[in-house]
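First up is the structure itself, then whatever we jot down about it.
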Amino acid sequence: MSDLIADLPKGPLTPFRETATFDWKALKVHLEGEESIKFKNEVYAVLSRDPIFARDFSRPSTDEYREINHKRWKAVLEHQFIDDFFAELERTQDLLEILETYDQGLSGRYALHANVFFSAILTIGTERHAEILEKTRNNEIVGCFCLTEVSHGSNTAEIGTLATFDKGEFVFTTPHDGAIKCWAGNLAQSATHAVVFARLIVGGKDHGPHAFALQVRDPNNYRSLPGITIGDMGTKPGVWDGVENGWMSFSNHRAPLWTLLNKGCDVTESGEYKSAYSSSRERQSVSLGSLSAGRIGANACRLAATIAIRYSCARHQFGEKPGSDNERAVITYPLQRHRLFPILAQAYVIRLYQSKLMNHFREYMMRMVGGEKSPELAELSKEVHGLSSCTKPLATWMGVAALGEARTCCGGHGFLQSSRLNNLRDDFDPSQTFEGENNVLLQQTSNWLVAKKAAGGDLKSPMGTTDFLVDGGALVDGPVVRRVLGAYTWLVHHLIAKTEMRHKELKAQGKSSFDVKNESQIYTAHTLSIAYGERVMLSWAQAFVDDAPIAFKSVLQRLVNIFALDRIEKHLSTLYIGGFCSGGSFGEWVRNTLIDEETLLAPDAISLVDVIAPPDFVLNSALGSSDGRAYEHLMAEFRRHTDKRTPFWGDLATFLHHKQQSKL
């Protein structure tokens with residue numbers, strides 16, 4: 001096992017590791033698999049030896065950051081960790097995990113080209129786009145994805161860029177500033193090609209948004225092509241300043257017909273539009289469904305838990321008796337555990353959920369790329385979209401909140417650049433609004449759930465995430481998760497009914513369907529989506545625990561219990577108001593059991609962190625290092641700035657001298 005997973009250094013964390021009830025290396029292998037660990041080890045080894053990936057805690061300028069981000073991106077490609085990112089999806093996910101924990105800006109640059117641009121052409125293009133796919137595989141071009149516009153982000157159906165058929169070509173125009181493409185990563189300086197969404201106009205008829213694979217720059221001189229203007233959106237917080245988010249406008253730019261990504265639709269040379277889809281909404285759900293999946297919440301929770309829990313073990317404050325020898329480790333205080341252990345539980349549960357979702361999504365993509373058009377696949381598409389539209393918000397909200405909580409759990413030192421926590425909070429912040437604004441995405445889930453229930457018939461689904469709707473849910477006895485799942489089942493049923501009732505009330509008032517949906521979000525549809533997503537996360541994590549070896553079952557169950565209790569506690573008011581329970585017994589059970597589970601988890605906390613923690617080289621935190629020597633790492637950074645005269649020392653000295661002279 002030591003050949004696969006290195007031993008951790010001895011130090012202040014050793015006593016906390018010695019209390020573990022399980023073998024952390026064996027659990028890591030069980031969670032990730034040997035192939036994944038071997039691949040990650042190879043990548044870590046290569047990156048740690050490459051000088052371009054060395055870093056300190058200084059803050060580069062925008063231009064410096066973009067140049068080093070470019071060099072690191074180029075190095076990742078030159079190291080050829082992945083031969084074919086679609087054929088090697090599991091290894092691609094491993095690589096993205098490494099890059100996301102190392103630097104979100106680097107992972108963004110890589111993923112936008114290798115995943116988003118490539119996947120869009122692969123899934124909604126056809127054989128006529130084989131050449132551009134091959135060039136992407138061989139890194140002969142740089143791709144980006146242009147959907148968002150200045151005046152339209154979430155409401156992609158109303159984008160304004162036009163692609164008008166004219167004499168056997170498409171003419172791209174930007175009718176007004178609101179229709180300028182923006183937030184396209186890689187576009188500002190590097191992209192040679194782009195997947196551009198525009199309204200397809202044929203014979204004066206608007207067929208709605210379609211996707212096109214356009215060349216936007218000449219790779220020989222890096223000038224934008226005629227009729228295309230490209231610019232930069234300016235500076236941004238955190239590592240995302242290293243990503244060139246660009247804007248682009250069109251002025252009668254002409255492109256050939258083959259640029260239309262034509263799976264399911266096409267335009268002939270004579271100007272005839274053909275489509276296999278019954279509506280633009282159906283076409284959009286197929287082409288944009290993957291964009292709703294959240295992949296980074298687990299990494300945010302993982303980094304937050306690693307840094308804050310390790311530091312909380314290393315730092316000692318206060319005690320029953322005076323003297324530093326009597327001070328207690330901060331992690332021994334119940335309130336600190338209550339703040340941090342749910343984050344650790346989230347890191348595990350979201351990761352387990354995401355792994356299962358990706359397996360389903362991989363199956364869906366393979367079947368769709370293969371041309372299948374079965375009713376079951378259509379249902380799977382709706383379910384993938386409905387599920388990811390609520391779990392992406394949940395995961396990213398949990399992740400960003402976790403980093404904020406971890407930062408304050410680390411006190412004043414957590415505010416330092418060398419803790420990395422504030423930077424990580426900025427780095428993960430955009431996840432709450434990219435790939436869909438979270439609150440808007442949640443509406444898509446509730447719309448799907450309410451429509452599915454209203455349609456009657458079979459409530460079961462291909463992935464099984466709505467099978468529980470067959471049961472009404474009730475207060476039950478038994479293990480923690482069984483009781484909580486019963487509460488969630490009742491809660492989802494209750495919220496569907498409340499949403500339907502609210503819809504009827506608003507319709508009776510003469511409200512439009514648009515207003516009906518908007519005015520039924522607060523406390524009903526919005527909460528419905530959250531409850532459904534949390535229930536799926538919990539049930540999938542529990543299924544993993546049920547199949548786990550006995551050596552890990554107890555500690556994994558404790559994590560899932562903490563997740564279950566922490567999440568359902570936030571719904572207690574709705575459960576009581578709705579009549580699921582009365583009196584204080586259920587609420588008291590939730591809260592008291594949560595505290596008990598956190599106490600019981602304490603001996604295993606550090607080893608659970610070790611299972612999911614990235615190497616120190618990637619973590620890059622003075623507070624979260626695996627050796628637990630936080631003060632030594634802090635002082636090493638402090639001493640880098642010893643006795644440095646400020647650049648304005650002369651002006652300061654002159655000012656003070658004048659003040660002294662004025663008293664004479």
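Cβ coordinates come from backbone N, Cα and C, glycine included.
According to TrEMBL, the feature FAD binding site maps to Thr148, Gly185. Residues or ranges marked as domain 'Acyl-CoA oxidase C-alpha1' by TrEMBL: 299-450. According to TrEMBL, the active site, proton acceptor annotation covers Glu435. According to TrEMBL, the domain 'Acyl-CoA oxidase C-terminal' annotation covers 483-644.
Mapped onto this structure are the features recorded in TrEMBL.
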| residue | record | Cβ within 10 Å |
| --- | --- | --- |
| Thr148 | FAD binding site | 19 |
| Gly185 | FAD binding site | 24 |
| Glu435 | active site, proton acceptor | 21 |
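The residue listed as 'active site, proton acceptor' and Thr148 (FAD binding site) are 10 Å apart (CA-CA, integer value). Between the alpha carbons (Cα) of the residue listed as 'active site, proton acceptor' and Gly185 (FAD binding site) lies a span of roughly 12 Å. In the three-state DSSP assignment, the secondary structure recorded for Gly185 (FAD binding site) is strand.
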